[in-house]
């Protein structure tokens, strides 16, 4: 009878007996423990089940689904069995589970539940387990563990609500206790079949679903609906027990759907959209900055000395104390903001929150009043006495007393910072007295408690930030603020300002202070980001050096250290030989000493490794597997494979280790060159030979290999064999006796060498019997050389001649004619060794270009370098932590289809052709593997189409590439399981065979034997041995299967199968290829006309049944996707993962076999304390593999590489604030499944879902580390539009993070210095980007204001001239620093660390030549736009960037749609400001103007031109013409309901304004305020027109609006005439146009004669009125709803908007058209865009022209 399909362990059916894993005693012990039902009350429905276990019992009683029980049974059995495997104790019984292990798993699973019970002051329901004197109750431990896992396994979306699960578990455990301890007949409230899903999960799920439906697809304000966090935080108070109760009270307000009465509101936090969140979340930061700024200004105002001198003056000290008034005011502001944003939290049940907020406002107000009063009293006394008399000093002391009282909370916080364990104890304590004392300072929350690190870590990150802050404030004090004091005073003293417009404000020159100080203050507020970049670069480099990164950078360094690799590999990557590993201090010291000896080569070369040592065999086995996989991936050729591998064929009776041929190249020739001129004795010659380890091994190996060659090609019983045997014996004897130099002629060695090469050359041609004479001739020549010229000693010479003369009685037969035994042509092993010998003997140069491919070199270098880095020792596979890999997939590419690969773009280029040019070496290697020549490429589609599809897919960002990389884990674990237990005979079995005296013929017959991977087959001489080998193989595979699971959660796989989607077939192919691959998906089953049921399904491919089989099907309460898609997709499939850890892998990632070998080392980090805690997330380094595609891809790769290496390194150590950023991080799985999972899913607010896992981890007391001895690959976007969408997605996500409760709590609960680290490495980076751009705008608007008003002219001319050129230049340089240093410096440092300073310098120069600064500046504008818009208006959404190959030309209309509002409008505004400043400013020379504005011009031109500079064929004239036509067609195409954004301007314009539909009142108000700036142009410029005649009357400005009225009227007339008469009465339409033109000309003529109007005024007025029109248009868009949308003027507004977009499009296209028309720019642009690909053989000219001759895909 066939049993049900199983996942890893067949716990049901006949397969239980057949599966090797079921024979493990640990598995059997776990099954037995679960089946020990004891005296449990058995329900009737289970009576007939003889194999019933605890999970069956719980499932029947509590109404869990059958497949949920099956799934969690395997889950728990694997947990128990793997944990048992990790134990080793003397006298341990393997058939019984360890008691402490069972307790440890239960504690880890229920740890959060117990903590929650303490928090809500409820006694937990884990009875009979915590008593010290209570006997161990294994069944009870397992029952509680099983119950939690069953709840978690069926909770669906409720898994995002960990404390909700705690509430459910608490009540169900209580019911369980009643059945066990009180009345066995009692049944749970939801014990009916499927009762848990229907009665518990579904009601709460329905509330979640209703709330998410009320959020209007994520556009509703966050404050208007409850997200996952709100619904979960309801359970942070004991009211859940009194209101929701158990069984669930369906009438409880918690379960009431939105928009109904008694609905419960937000819980714990209200996410209000406002810029004030930046201040609220990080108030300590901003208060500190503002107070220091005030202190600096106050201190410098009356003296310019250092602060430590100025503050010794009593007046300066008294003025300094004014910061306490500001401090109190800022406290009051914080309290008011708290009330304004969190007032909706206050309910009848939470009135204490309202009381606290109200009292905070009162107290803060009291402090403000108190400080003001005492400050005035102090200075009043001082002024009365005219000096600091005793009463004045008393007033000062009194003020200090008041200030001291005000600072008491800060002093207390400082004390708790110095003693972090005390702070942790207070926050984690359940004592009410602590809750009362801390109530005033913060709301009591379940998370954010006990976050302080240890003293050592405190000291490290405190010193780091003290260095940064000291640098920042010293720079600010002396170079930013002090130079402004004198100009400020001079401006204040200036009275005779000549205004050029109507000035409303008396003493309006004081506005110049805002213009002067505005940019500097903004720089002051953000330049800490620059100092952080500088210091983190230095610290990151230092930490990297300590970790020994970049020590092996190239082949030369690899060659120097390779001889130590076997020992390093054995020490680091192989388990200890000791059966028992005890972690003692002495063992740690020995480990450190061993690492140092390996790292610095303290071992003697001859002690490192010799052949015959098992560690050499292990290393060779793994090394060859790595190289073989390189060949499978086409990274190396067949020839490179031979040169790189360590021989594993039969000739193993050598006395030296056979290093890869590439290391032995030219060593023999070098030795020969030195030896032939040597006049020394044998010791001197041996010293020459042993000059290097590789030379010694090469010489000895070639000599001994030559013996094998002669024995193979000469018959063993022939006389000729006897001759050579006597020669070899004489050579060996003379060498041993130390008379080699006196016996043989060293000068003859080159001739002997030449004869040997001649013989090898003949043999390598695989001679047939027809070629026998050539072999004989070569042997005779070698014989003559050895017998006649080589012997130096006459006695030896005579002996050899005598032996040869008597060797054959038949003189007619030539020597060797009948003695040669030609090797068969299929003896590949023999010829492989012969080729190796030929390489060693003939190579004249060091093979430093092997491997040729850069990727192979990089991977080998990194792997070898990592062997010398500090990492935990590897355990045996059976003792390692088990883990899973989880990859979310939706509808991305799985495997490229034939159609996709052959489809050509507009330039005639298809993907295959493109990849050929990007990866030319790998393409040649692929052809070699397919046995095709370059001339036979066209046959690939006929013979190897699928292989070609896979080759291309492995070079794209496809699921196939990701799956292949992750499945290397399985291969690595199988290999390691074999090596862990392999005996010496299994690794070096052939050596044992040789030493038993087997003949050379038998050796030759074994030449076709496999490599060392033939596990134990060598030397087997009976069937029993073979059977044992097969059994061991099965056990190794089973062991690996228990340690690794790979789940790809293909959410819509079921729908794809129904729709016959090709991607479903490709996924099935992946399952066929990889046996450990599991696919999880959501299946929708219709149960009626409108009703559906949803299931989480896990499937695999069954090779026996030859089909896909279903393993588990668990019903869900409804649709999975309620929030963000990716986390929901992960959440539904995480129940199918196994093990202690889970690694999150995205669709754009891959892995490498050599790195997967180090996974068991990495998992050991979970057992190591990092500070005062063990890690809960292990960060893993990444390599960005898309950097070679184009210059843009290179820039993105360099930027991303810095982020995933240096930045993460510093965040983890010393800052202790690393988060999870979606990298291949490894989670402590059991820790996270009880704390909300590995991401958050609330709609919109959690759009950057990954980082919230890090926030959640930190808030709940976890630790995130970073480890760089292992790396995974990652792809990034390669086209500018893709990159822009990615940057927009990240920036929008950070905009939402600012509003989130997680950021607010981290900003308040972390200590001050960790808070700084958190701020500047998350949202602070984007805030700083925004401030950088704002600084440029504030600077230019300030300059334009000063120029138009006339203040600048008054301040820079005459007797009151203000010499501010130096100040302006300093400000300009500061902007340069901000624009460039943030990205360039860390790149230089990281590249220098890992590749050398010269490489770093060259890369930076190359990047700048390829306009990297343009790219980074453009990206900064993208981040600023989307971050600011999201923060102000919302509208964040998932943006699909696409991960394909970008080789096509993007049309102008597409670029305009994407960058119009984010870059083009801002760039045009900057240019307009620069032009106005040039026209009306008071710059004394062009040089001064350039110095002041050069960075602004760079920024403006970058934002306008970058999309075309980095667009393939961006300056092609024909494409420019086509783009213009396409743009005009798009602009004038009418919109409709079915028209897409790409087709019509109207549709795009409506979508572009969508954020105004979701913004609030304050967002609209601030937007209007910002738009008012455009009116300044008109107000300032009209007074400078000639027609104004120098008048400064306000009526000049008012009359100027007549221009706007006339322009609006003319537009209305012309547009109305166009609609009415253009089609039917065209003549009348033309007449109206003519009348309008005549009227305009007449008005101009009248003005010319009547007034001072000049024609130049027409052009100048455009600078005045066009910005005004844009400002009016933007305000109308804000007021569209509810005022203007349905009004009669809305059509006119839309028409004007179209004209503005037409005008801006023309402004942007004009320089593109000019550059396209000029010759040479197209070639230059191509060179800039593809220079990196050029260096790797990319033929850009052919790629862009699209020549199709001889191309695959035609």
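From the backbone N, Cα and C atoms, a Cβ is placed for every residue, glycine too.
With helix defined as DSSP H, G or I and strand as E or B, the domain '1,3-beta-glucan synthase component FKS1-like' (139-249) counts 79 helix, 0 strand, 32 coil. Per TrEMBL, the feature domain '1,3-beta-glucan synthase component FKS1-like' maps to 139-249.
TrEMBL lists 286-305 (among others) with the feature transmembrane segment. Taking Cβ pairs closer than 8 Å, the transmembrane segment (286-305) reaches residues 278-279, 311, 313, 315-316, 319-320, 322-323, 326-327, 330-331, 473, 476-477, 481-482, 485, 521, 524-525 in its own chain, all 6 or more past its ends.
Positions annotated as transmembrane segment by TrEMBL: 317-337 (among others).
Residues annotated as transmembrane segment in TrEMBL: 357-375 (among others). Non-local neighbours of the transmembrane segment (357-375) in the same chain are 321-322, 324-325, 328-329, 331-332, 334-336, 338-339, 342-343, 346, 395, 398-399, 402-403, 406; each lies 6+ residues outside the stretch with a CB under 8 Å from one of its CB atoms.
Sequence-distant contacts of the transmembrane segment (396-422), counting only residues of its own chain at least 6 positions beyond either end whose CB sits under 8 Å from a CB of the stretch, comprise 314, 317-318, 321, 324, 327-328, 367, 370-371, 374-375, 378, 388, 441, 452-455, 458, 1172, 1311-1312. Feature annotation from TrEMBL assigns transmembrane segment to 396-422 (among others).
Per TrEMBL, the feature transmembrane segment maps to 461-479 (among others).
Annotation comment: TrEMBL describes 508-526 (among others) as transmembrane segment. Residues 286, 289, 293, 476, 480-481, 484, 487-488, 491-492, 494, 497, 499, 1327-1328, 1331-1332, 1334-1335, 1338-1339, 1342-1343, 1345-1346, 1349, 1351-1352, 1354-1355, 1371, 1374, 1378 of the same chain lie 6 or more positions beyond the ends of the transmembrane segment (508-526) yet place their CB under 8 Å from a CB of it.
The transmembrane segment annotation in TrEMBL covers 1318-1339 (among others).
The transmembrane segment annotation in TrEMBL covers 1489-1510 (among others).
According to TrEMBL, the feature transmembrane segment maps to 1565-1588 (among others).
Per TrEMBL, the feature transmembrane segment maps to 1594-1614 (among others).
If you look at the transmembrane segment (1634-1653), the same-chain residues 6 or more away from its ends with a CB under 8 A from one of its CBs are 1585-1589, 1610, 1613-1614. The transmembrane segment annotation in TrEMBL covers 1634-1653 (among others).
According to TrEMBL, the feature transmembrane segment maps to 1659-1679 (among others).
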Taking 3+ C-beta pairs under 8 angstroms (sequence gap of 6 or more) as contact, is the transmembrane segment (1318-1339) in contact with the transmembrane segment (1489-1510)?
yes
Contacting positions for the transmembrane segment (1659-1679) when only residues 6+ beyond its ends and CB under 8 Å are counted:
1469, 1472, 1475-1476, 1479, 1553, 1556, 1564, 1567-1568, 1571-1575, 1577-1578, 1580-1582, 1584-1585, 1600, 1603-1604, 1607, 1693, 1696-1697, 1700, 1703
